[in-house]
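Look at TrEMBL and you will find B:216 tagged as active site, proton acceptor. What TrEMBL lists as NAD(+) binding site is B:18, B:19, B:20, B:21, B:22, B:23, B:106, B:165, B:283. Feature annotation from TrEMBL assigns substrate binding site to B:132, B:283, B:284. The domain 'Glycerol-3-phosphate dehydrogenase NAD-dependent N-terminal' feature in TrEMBL is assigned to B:13-184. According to TrEMBL, the feature domain 'Glycerol-3-phosphate dehydrogenase NAD-dependent C-terminal' maps to B:205-361.
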């Protein structure tokens, strides 16, 4: 049933699944809106695995009494209309808008538990995923939104952007991208999330939006590694730029997305803005830096203990997953993944196979001249998938010049 | 005469015009290459307005004796084959490749002095501009490369990228974009600038490359202002993203560049990478921050004295110029520039007309819902100039939903 039809009889009920720092922060936004707009039921359910605090109390009880998530977002008050629930059935029944903010590794399990509840999802029910990452199964990457769709049999869209939880809860201005393939649904989601301090842009490109959110943590890890090697902003900026090109290539190879669409979505908050926020010094940057500062000697467990209090670094998890898919690509399709994904690959080798961190610099400064990207239309070919693709002019007309490029001494051979 | 033809008889001679920190840094790169490749004459001339140092010596003499630019790049040795010259005629005669690294405000004067020398430029002579900025004349923006072309009657291309001078001189890895409309010339320039630690990508889009380099300093100023207002990375990232959209719009309005080309060039070093480097804490960021920290009370002269030692902040100079052109647009074309360039305009108003810095936040959080950017092809319309442009679906089908969006109290009106 479409949401609009449902709205003729009653308002839409909202449940947030996951009460970590970001789930709690988004409950501030959603609680604000549902309290003020008739299309939504005021009450927002916040589902969590309950846990006992050091004080002996249970987290859900404390949230419902004090309206503060003392464990994951202690400095901010949640709206009074946000109610913690710990029973999955209670969280799901009657719910129309399901917001998933659960770490990627638990998504399949929670979604499948929900499926087993045998709730009627043929009524107006939609989901949105705020979880960043992938699940790799049999060497192929699966998007979180697709896993939710598959398990629950309902549409799942994606919200992603440059959103640090504490900034969002503090009502510092921020933006996000809502990717949804259905126009009417997008419109409802926008009303649910958009506030004066949190502006939502809606686009129809679900896969690219989710991809950027998942892959950008690898770039953050690389930025940290480069900083740990003592390089300055010239190199950091180069790594970010080259990393973006690998993200786009990844999307076009593994998800068959036209690179022109990837580049357009990159201008949304889920693209450039999320990348910038993540690389301005989040956990992954600090982790990557600590690792290369130790010349690759410090175990990741130790680094994670210092940086995240023992949780896995998201970039590291994604790096492993991505590498698994690249290995499959290498084996099944004989594609030279080291050549096409030099940064993703060397990041993995440095992080996991004892390759010296300094090799990252060698990868960047590979000694050949880069291709001149001239096409008759004046468009760049690298990220272009128009019919002109591949029409990079050969260096033919310049071969006569090339023959004149002779090194002055044997020891400093030029690149050709 | 084409450069290739010239190469049949003799090697190409190089002069760098301008020996500030970046001119000196690029002389390290160029000197390295000319010493090793037969197509270039080994000696690189470095032209400068001579100046007397506190020691009583002249800068050019010190450079030629010690191979150090003690004033502008004191920590690095210049290659022995770089020779400072102070006579403009000596710098120009016989020169084939002219590298301009002169501050924008002096470009017209130096170029016109060169023109008056009556040197024969019909032989193989080309120029490249490394200067960032514009000149505004009669309310219209003129690119530096065009001014050089106009004055000297020779082709002028552009080199721009994420290049902090000290990093370049220290041989930290970096990249740059060489924009040149002639394929063979681009190839020669690439050989002149490309080294293992400084990789050059060549593209044919001169205007957009130069535009990004000129406009990005305004975004840096805005980032500083936002930081001074106490906002975190969510807001910084949003400002950078929205600023990029204004840069692209500026290019399409004032230089008639297709926005699809602007977005493609943005993925080069001159785009995203230069923006990131500049916003990671350069002078403009520090200046903007100091200004809003003082709530707009501290005079810019004082801020410039603290941040640049008294030189004008590049972002501030560009901001004034850009605003002049926007005013002309408003008057001549009645285009609502406040609506289309909200950040550029409010940055100007805050910097120069006493508008309170906090208003920047209000501009960001304008209280309407953003347009859903759905087009049938699934492409984003905002930055698309394909035939689909303008086919943003109207909210028609959602009007029925819209009518249900009623605020629960009068005092918190929803956005529609």
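Heads up, the Cβ atoms here are built off N, Cα and C, so glycines get one too.
Feature annotations (TrEMBL) mapped to structure.
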residue : record                       : DSSP class
B:18    : NAD(+) binding site          : coil
B:106   : NAD(+) binding site          : helix
B:132   : substrate binding site       : coil
B:216   : active site, proton acceptor : helix
B:283   : NAD(+) binding site          : helix
Checklist outcome for this item: In this predicted model, the domain 'Glycerol-3-phosphate dehydrogenase NAD-dependent C-terminal' (B:205-361) has a mean pLDDT of 95
Next on the checklist: Given the recorded positions B:132, B:216, B:284, find the one whose Cα is closest in space to the Cα of residue B:106 (NAD(+) binding site).
Outcome noted: B:132
Checklist entry - Including all protein chains displayed, how many Cβ atoms other than that of residue B:22 (NAD(+) binding site) lie within 10 Å of its Cβ? => result 22
Checklist outcome for this item: Integer Å value for the Cα distance linking residue B:132 (substrate binding site) with residue B:22 (NAD(+) binding site) is 11
Item to check | Rounded distance in angstrom between the Cα atoms of residue B:18 (NAD(+) binding site) and residue B:216 (active site, proton acceptor) | outcome: 22
Next on the checklist: Between residue B:20 (NAD(+) binding site) and residue B:284 (substrate binding site), how many Å separate their Cα atoms?
Outcome noted: 18
Item to check | Those recorded positions listed as B:132, B:216, B:283, and which of them has the most Cβ atoms within 10 Å of its own Cβ | outcome: B:216
Checklist entry - What are the non-local neighbours of residue B:284 (substrate binding site), defined as same-chain residues 6+ apart in sequence with CB under 8 A from its CB? => result B:217, B:220, B:221, B:224, B:278, B:313, B:314, B:315, B:316
Checklist outcome for this item: Expressed in angstrom and rounded to a whole number, the NAD(+) site built from B:18, B:19, B:20, B:21, B:22, B:23, B:106, B:165, B:283 spans a maximum Cα-Cα distance of 21
Checklist outcome for this item: Least surrounded, by Cβ count within 10 Å, of the binding-site residues B:18, B:20 is B:20
Checklist entry - How many other Cβ atoms are found within 10 Å of the Cβ atom of residue B:106 (NAD(+) binding site), counting all protein chains shown? => result 15
Checklist entry - Reported as an integer number of Å, what is the Cα distance between residue B:283 (NAD(+) binding site) and residue B:216 (active site, proton acceptor)? => result 12
Next on the checklist: If I take the alpha carbons of residue B:216 (active site, proton acceptor) and residue B:22 (NAD(+) binding site), what is the distance between them in whole Å?
Outcome noted: 17
Checklist outcome for this item: Among B:132, B:283, B:284, the record's substrate-binding residues, the widest C-alpha separation in angstrom comes to 15
